Amino acid sequence: SVGFKAGVKEYKLTYYTPEYETKDTDILAAFRVTPQPGVPPEEAGXAVXXESSTGTWTAVWTDGLTSLDRYKGRCYXIEPVPGEEDQYIAYVAYPLDXFEEGSVTNMFTSIVGNVFGFKALXALRLEDLRIPPAYIKTFEGPPHGIQVERDKLNKYGRPLLXCTIKPKLGLSAKNYGRACYECLRGGLDFTKDDENVNSQPFMRWRDRFLFCAEAIYKAQAETGEIKGHYLNATAGTCEEMIKRAVFARELGVPIVMHDYLTGGFTANTSLAHYCRDNGLLLHIHRAMHAVIDRQKNHGIHFRVLAKALRMSGGDHIHSGTVVGKLEGERDITLGFVDLLRDDFIEKDRSRGIYFTQDWSSLPGVLPVXSGGIHVXHMPALTEIFGDDSVXXFGGGTLGHPWGNAPGAVANRVSLEACVKARNEGRDLAAEGNEIIREASKWSPELAAACEVWKEIRFNFAAVDTLDPS
């Protein structure tokens, strides 16, 4: 019959197109789909494509007023996941016109919006995204990037060192600033606000900013090195967040910080633009990420959240440690660390990378390894992450038996020893303990640190693992 035909039709008739050849401008997504019993994979894959682009559950007459072929998502390949019954990777291509330029928020609202509550799927996880250069060019990305940061700080050829000030809640501003000063004076490059330090009754943000700035200037004067403190500008409103960033700029400090998932991508991108315009570096904390990324069969993989952050903007981001107390398997972690730092990353399923990603010269982001690490981990961290990283030791600095400054000294000595050994061609993986032991002979601070933490290990299997290939 001619004209509009009402009724429900199968998704796969419109949205499953195995013959489709992807375009260079398409955004490509890899979803891990677990269909409900009785739902064929083609129907499930097509449903993902439909519900995250143009589709609705029934035919509507306004479909006739547009060109579905131009705007619809297409499921173009489905492959079973090895070792899993009834789980598939569905590849979906989205036309570029379906997204607003320069908006991570809009990209996520489409791709990971309502579709995650869809009844025909038992579970759904976004494993990876291929962002085309045409879309990347609409983002400003990190305010400065790795090279500019090194030039600003005048620090080359080694990872940077930081320390989160603990206890995270309850210190007064003056005592907090004192802890910052001691760590910076001892040899760290940065100290850091904890992610949940914003502006609470025991320490309002303005007081904290002032005392931390004092600590920075005092430590700089005494060490001759450039120092910084990640001043957390995260706030309840965007206006308040920018107000805090403005005050940081007026104090002349080098870096501010934001919790990008709890604060949201819109706020984060606004802050990144402000930081670029005003010469502030931007440190990003990923609080709430595990809510989204920890389950293997549902949610969004962190490599996607990391790509989104590079688009939205940030100069540092926490990225797991491989060796500390928080989640992170080595190959997977190194996969998204490369996605953060490098300009071109080849598809590599052994590291969980589903697509080749070309960043077309968008600046890189420094990965921050933090969480349960201490001096004995330094050889492994130096070997795994290389020079372009920040290693943040909170308890691993402040927990030193002699105090904060000696804790900082121990970290700096162990780092310099590892970098020196590596530059001399020694194998950090094999000789790490020996390198630290040698250095501790002439550094009593390091020897004391080794004595305290020599037996500490967080040995649990990672929850998020690679599929058997």
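The backbone N, Cα and C atoms fix where each Cβ goes, and this holds for glycine too.
The active site, proton acceptor annotation in Swiss-Prot covers Lys166, His285 and is backed by sequence analysis. Under the heading substrate binding site, Swiss-Prot lists Asn114, Thr164, Lys168, Arg286, His318, Ser370. Annotation source Swiss-Prot lists Mg(2+) binding site at Lys192, Asp194, Glu195. What Swiss-Prot records for Lys5 is N6,N6,N6-trimethyllysine, and it gives sequence analysis as the kind of evidence. The N6-carboxylysine annotation in Swiss-Prot covers Lys192 and is backed by sequence analysis. The annotation site 'Transition state stabilizer' is assigned in Swiss-Prot to Lys325 on the grounds of sequence analysis.
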Check: On a count of neighbouring CB atoms within 10 A, which of the recorded positions Lys5, Lys168, His285, Arg286, His318 is highest?
Finding: His285
Note to self: I'd like to know which of these binding-site residues, Asn114, Thr164, Ser370, is least surrounded, judged by other CB atoms within 10 A.
What the structure shows: Asn114
Next item on the list: Pull out the recorded positions from the set Lys5, Asn114, Thr164, Lys166, Lys168 whose C-alpha sits within 10 Å of the C-alpha of His285 (active site, proton acceptor).
Entry: none
Next item on the list: Can you check which residues sit near Glu195 (Mg(2+) binding site), meaning Cβ under 8 Å from its Cβ, same chain, 6 or more apart in sequence, and list them in order?
Entry: Asn232, Thr234, Asp259, His285, Ala287
Item checked: From recorded positions Asn114, Lys166, Arg286, His318, the one whose Cα lies nearest Asp194 (Mg(2+) binding site) -> Lys166
Margin query: At a 10 Å cut-off from the C-beta of Asp194 (Mg(2+) binding site), count the other C-beta atoms across all protein chains.
Written below: 18
Notebook entry, point to check: For Ser370 (substrate binding site), which DSSP three-state class applies?
Noted result: strand
Notebook entry, point to check: What are the non-local neighbours of Lys192 (Mg(2+) binding site), defined as same-chain residues 6+ apart in sequence with CB under 8 A from its CB?
Noted result: Unk162, Cys163, Thr164, Ile165, His229, Tyr230, Met257, His283, Unk392, Gly394
Margin query: Check the DSSP secondary structure of Thr164 (substrate binding site), expressed as helix, strand or coil.
Written below: strand
Check: Measuring Cα to Cα, how many angstrom lie between His318 (substrate binding site) and the residue listed as 'N6,N6,N6-trimethyllysine'?
Finding: 52
Next item on the list: Express the distance between the Cα positions of Lys168 (substrate binding site) and Lys5 (N6,N6,N6-trimethyllysine) as a whole number of Å.
Entry: 62
Checklist line | Distance in Å spanning the most remote Cα pair of Asn114, Thr164, Lys168, Arg286, His318, Ser370, given for substrate | finding: 37
Note to self: Measuring Cα to Cα, how many Å separate Asn114 (substrate binding site) from Lys166 (active site, proton acceptor)?
What the structure shows: 39
Item checked: Closest of Lys5, Arg286, Ser370 to Lys166 (active site, proton acceptor), Cα positions, recorded positions only -> Ser370
Note to self: Rounded to a whole angstrom, what is the C-alpha distance between Arg286 (substrate binding site) and Lys5 (N6,N6,N6-trimethyllysine)?
What the structure shows: 48
